[in-house]
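First the structure, in the form of structure tokens, and then the observations on it.
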Amino acid sequence: MSWGVAIWAATVAFGAAILAVTRPSAVHALLLLLAALISLGVGFFAMGANFAGAIQLLIYAGAVVAVFVFVVMTVDAGDKAMAVEREMLRHAWRWPAFIVSLSVVPILFGIGGGQMGDGAPAPVRTEDLGLLLFGEWSAVTELITLLLIAGMLGVRHLGRALGPRLREREPE
Amino acid sequence: MSALNILLVLATGIFLAGLFGVAARRTILMQLISLEVMLAGPALAFVAAGAHHGSIEGSAMFILVLGLAAAEVALGLAIYLHMRRATGGDSDAATRLRG
């Protein structure tokens, strides 16, 4: 595969990302996020990062989005919620857009010369990746593992706290 | 302009789209989705730079970003479900939280 395919996939992901953050419906935004993540995975494959592409499709576009789907199923995404969201978006987008456009300026200065890469990018060997992550970078991998364990404990704690204390506070 | 530059500009664009979403949206769920979009931008930048320089560190950094994203989504959605009972899932209403 080649750089051209990677650029094309990243462009699709960019467009899907812009659409995802501007949709009033949470379900539509989630589907567009899924489209962005899948096309990014295609781009990873095109750049020779086969393991990263597979992980992107399996865990990012698979597991992470599945968690979002579970939550969206519990949320009211009907016409009323969409009308509220649309009303919020109608007025609230100008200042954020201005701030984002400010951060575009230094990036435009940063785009310099450089040559087009020669031919296709070299594929990444998964064995080397494993050796790096569990050899030289093992401390970083341990840190990420600790982060995931901390996240798991936090979620368990928050889930437990959803018990009777909050329920008695609700007026219904 | 080299392929790496184009990909880095696209990665920046994805990141900025997510930043816009976090700043402009008020529903916490949409802000979490925008955060996911924000994390996808650096992931693309890491993998593209790794592919450009022929090194595996880009893919390794992507794995780390993935771990961060997974932890963030799990905690963020748990907090969202928790806050939705109290405030109705609106991040403006969260300014009135107490106790």
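Every residue, even glycine, has its Cβ placed from backbone N, Cα and C.
Sequence-remote contacts of a segment are chain residues at least 6 beyond its ends whose Cβ falls under 8 Å from one of its Cβ atoms, and for the transmembrane segment (B:6-23) they are 30-31, 33-42, 44-45, 48-49. As annotated by TrEMBL, transmembrane segment applies to B:6-23 (among others).
Taken from TrEMBL, the feature transmembrane segment applies to B:35-54 (among others). Same-chain residues lying 6 or more positions outside the transmembrane segment (B:35-54) and placing a CB less than 8 Å from one of its CB atoms are 2-4, 7-8, 10-19, 21-22, 61-62, 65-66, 68-69, 72-73, 76.
As annotated by TrEMBL, transmembrane segment applies to B:60-81 (among others).
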